[in-house]
Structures are given as C-alpha cells and as structure tokens.
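Structure first, commentary second.
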Ligand code: PLP
C-alpha cells in the first residue's frame with residue numbers, strides 16, 4: 001500500500017500505550033487488574049487500531065478510485081484520527097473545532113472538506129484563514145454568505161439523494177433538489193463563485209446499494225447542467241453511508257456497495273474527475289468494543305400475562321430465581337443512553353450484549369448450557385429513558401459480572417454526555433496488525 005501522505009506533527013504529542021494483544025486479551029487483562037469493589041472498575045472501550053487499518057486496505061481494494069475523507073463527527077478519537085491521517089485519508093469536517101483538530105495533526109488543508117452545507121459565518125471565515133477551500137452548500141443564502149466571507153472557496157453543491165433506504169435520513173435537512181440546482185448554479189455564476197463539483201449523502205447506515213446508483217445519476221445530471229453554464233466541474237463527493245459489515249447474510253456489505261458504485265462512477269464520470277467519499281461508520285464502528293459491568297440488579301417477578309407488574313417488585317437481589325418464577329432481571333450497567341449508548345437514541349442502533357464474565361469466568365460471548373431469563377439492561381443514570389436493551393434473554397448475571405458490546409465505534413463516544421455526573425468512558429488501545437506502528441511512528 002502507498003506510504004503515508006500527510007506530514008504529521010505527532011512526535012511531540014503524547015501517545016497512549018498501544019498493546020499488540022487481541023481485543024479479548026485486553027478485555028481480560030483489564031478486568032483481571034480490577035477489583036470490582038475498588039475505584040478502578042469503570043466501563044472501558046478497547047479500540048483495535050488494526051481493524052481501522054484493515055478497513056482502509058479493504059476500501060483501497062474495492063473502491064480504489066474513491067479517496068476516503070473520514071467524517072470526523074462519527075468518532076473524533078485522537079488515535080483513530082492520527083492513524084487515518086498517517087494512512088493518507090482526507091477528512092470531512094462539520095465545524096471549526098473539527099477543522100482545528102485535524103489541522104493540528106498536520107493534515108494539509110487541501111485534504112479537508114468542510115462538508116456542512118449550513119455554516120456559522122465565523123466558521124467560514126476560519127476556513128478561509130486556514131485555506132480550507134473545499135466547502136459544501138445547498139442554498140442561495142449560503143452562497144451570499146460565502147461571497148462575503150470566502151469568495152475564493154472551491155464550492156461543492158450538495159444535492160438531495162434518495163435516503164429512504166437508510167437508518168438515518170439526512171435529506172429532510174440538507175440537499176438541493178434537482179429542481180433547484182439550476183437556480184443555485186446560476187446564482188453562483190452571478191456572484192462569481194467557483195463551484196467545482198457535486199456531493200450527496202444517501203443517508204447514514206444505507207442498506208440498499210441502489211441508492212448510490214440513483215445518486216450518481218443525479219450527480220451526472222448536475223454535472224451536465226453545470227457544464228452547459230460554463231462551469232468546469234472536476235470533483236464528485238459520494239458522501240457516507242457505507243456499511244462496515246462483512247456478513248452478506250445480514251444484508252448490505254461494503255463489497256456489495258463497491259460492486260455497483262465503482263462501475264457506476266466509471267460509467268458516468270471520466271478518469272479526470274476526482275472522486276472522494278465521506279465514510280464515518282465504515283471506519284469507526286468495527287474498531288471499538290465496550291465493556292461494562294453489572295453495578296446493580298433487581299428482580300421483578302412476572303405475572304404470566306403481563307410484561308411485568310411493578311407493584312410486585314420485591315428486592316430479591318440475593319435470591320437465586322428459577323425459570324419457573326418467570327423473573328425479569330433488571331441489570332444496571334455503568335454506561336448508558338446518556339453516555340456511549342446514545343447511539344440507540346440518535347443513531348437508531350440495536351445493541352447486542354454478550355456475556356464477558358460470569359462468576360469470575362471469562363466467557364467472551366460463549367452460549368452457556370443454562371437457562372436464560374428475560375432481562376432489561378439499564379444505564380447508570382436516574383432517568384428511566386436510560387434503557388440499553390429491553391426484553392432480552394441472558395443467563396442470570398450477578399453483581400460484578402461483565403458484559404461487552406461489539407461494533408461500538410460509530411456515533412457513540414462522539415455524542416456522550418456527562419449527565420448525572422458520569423464521565424465519558426475511556427479508551428484502551430491495541431492493534432491486531434503491527435503495520436499500524438509503521439504508520440503511527442514513521443512519519444515526520
Ligand atoms: N458526511 C456527512 C455530511 C454526514 O452528515 C455524515 C453523517 O451524518 C457522514 C458523512 C458520515 O456518514 P456515515 O457514518 O454513514 O458514513
């Protein structure tokens with residue numbers, strides 16, 4: 001693979017320790033070093049930087065023409081950003097702070113796209129002062145603002161894509177319809193602004209590869225429209241929405257998208273058109289695993305017909321229930337909806353708890369030959385919305401047992417709050433691929 005392309009200023013930055021253990025080994029060693037009744041028993045993430053590296057190789061293999069500009073909003077973890085910068089990706093930034101963070105790592109402003117179509121004026125000025133030229137827009141007011149604040153910007157018109165096949169639809173908020181693009185381009189022309197291309201976003205968590213094909217056709221339409229007006233478009237930005245999954249039986253995979261998107265780009269856009277993308281979830285999700293432990297437990301007796309009957313609540317935390325009791329166990333863990341599991345609320349995610357330890361034994365998700373019980377998993381705050389899973393099924397757990405959740409890197413840490421005084425869950429780094437060290441340390 002091509003060597004690092006960004007000149008990074010990382011030597012003077014403190015680097016957290018990075019082990020070369022597997023994720024399972026890190027989980028185990030971290031838990032063994034904890035006594036669950038001491039201070040040192042917080043939830044924690046394990047980030048496998050090797051997984052990010054592998055995702056990058058996968059991208060280069062299946063979509064070689066498309067330059068990834070990582071969407072920082074998805075997860076601004078410093079080591080994730082540093083590795084991607086060292087691997088030579090660009091960055092999609094949504095705000096002044098994100099631009100500053102990426103510039104501080106030594107990334108060239110030409111490797112940044114300010115991909116938020118509706119921007120605070122002072123942020124546009126900041127982009128101008130730091131030479132971050134590529135900026136998206138989707139409305140005429142923004143064009144007038146940019147004319148005043150950054151007339152030399154290289155503008156990218158964000159068009160509306162069909163996002164009906166995505167978990168998170170962005171079209172209600174952003175994207176010019178094809179009915180409006182002519183007017184917007186004409187306005188840009190009259191203002192003497194430099195529009196260089198088209199961007200779209202098929203929605204985050206897109207589960208139908210055909211959405212990309214449709215969006216490519218729309219982009220081609222706008223390229224033609226622009227050409228007729230005298231613009232010389234040379235940038236196509238195919239946005240985000242890329243699945244990270246390898247499992248074809250579960251629906252969409254990155255390979256499925258690449259298999260239709262790559263040829264569609266080649267069919268509609270000649271090789272002189274630069275093509276970039278803004279993947280977020282694709283890079284961040286699979287690299288992060290979170291471990292949480294059961295800090296408290298309640299047993300709620302169930303009546304056969306009702307889900308559960310709150311008036312029958314009895315504190316049975318030290319009573320071993322049998323299946324015949326139809327218990328619902330309520331487990332309280334030390335991260336929740338206001339913290340890393342905000343993805344349940346904002347990102348429409350369903351998370352899957354796996355048993356990490358039970359009674360001091362490490363299970364790593366192994367299915368046990370013992371009864372499972374209906375259970376709810378709650379976060380640690382005092383709010384009842386703070387529910388991580390409802391009506392799940394697990395073997396009975398006890399205080400101090402650990403659960404883990406995989407694929408927790410996207411839209412988790414990034415939007416975690418400190419509600420109720422809880423702090424953000426820290427990250428422990430490892431790499432299952434030693435090449436990561438070459439990229440992190442061999443840059444000047
Ligand atoms: N680009 C823009 C403009 C976005 O708004 C988002 C997500 O909301 C992304 C890229 C990243 O999308 P994903 O994480 O689905 O790849």
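Think of each number as a place in line: the chain as shown, counted from 1.
Placed from the backbone N, Cα and C atoms, the Cβ positions cover glycine too.
Automatic prediction, not curation, is the source of TrEMBL annotations.
TrEMBL annotations:
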ACT_SITE  382  active site, proton donor
DOMAIN    49-285  domain 'Orn/DAP/Arg decarboxylase 2 N-terminal'
MOD_RES   73  N6-(pyridoxal phosphate)lysine
Using Cα coordinates, what distance in whole Å links residue 382 (active site, proton donor) and residue 73 (N6-(pyridoxal phosphate)lysine)?
28
Least Cβ-crowded entry, counting other Cβ within 10 Å, from the recorded positions listed as 73, 382:
382
PLDDT averaged over every residue in the domain 'Orn/DAP/Arg decarboxylase 2 N-terminal' (49-285):
96
Indicate whether the residue listed as 'N6-(pyridoxal phosphate)lysine' is helix, strand or coil by DSSP.
helix
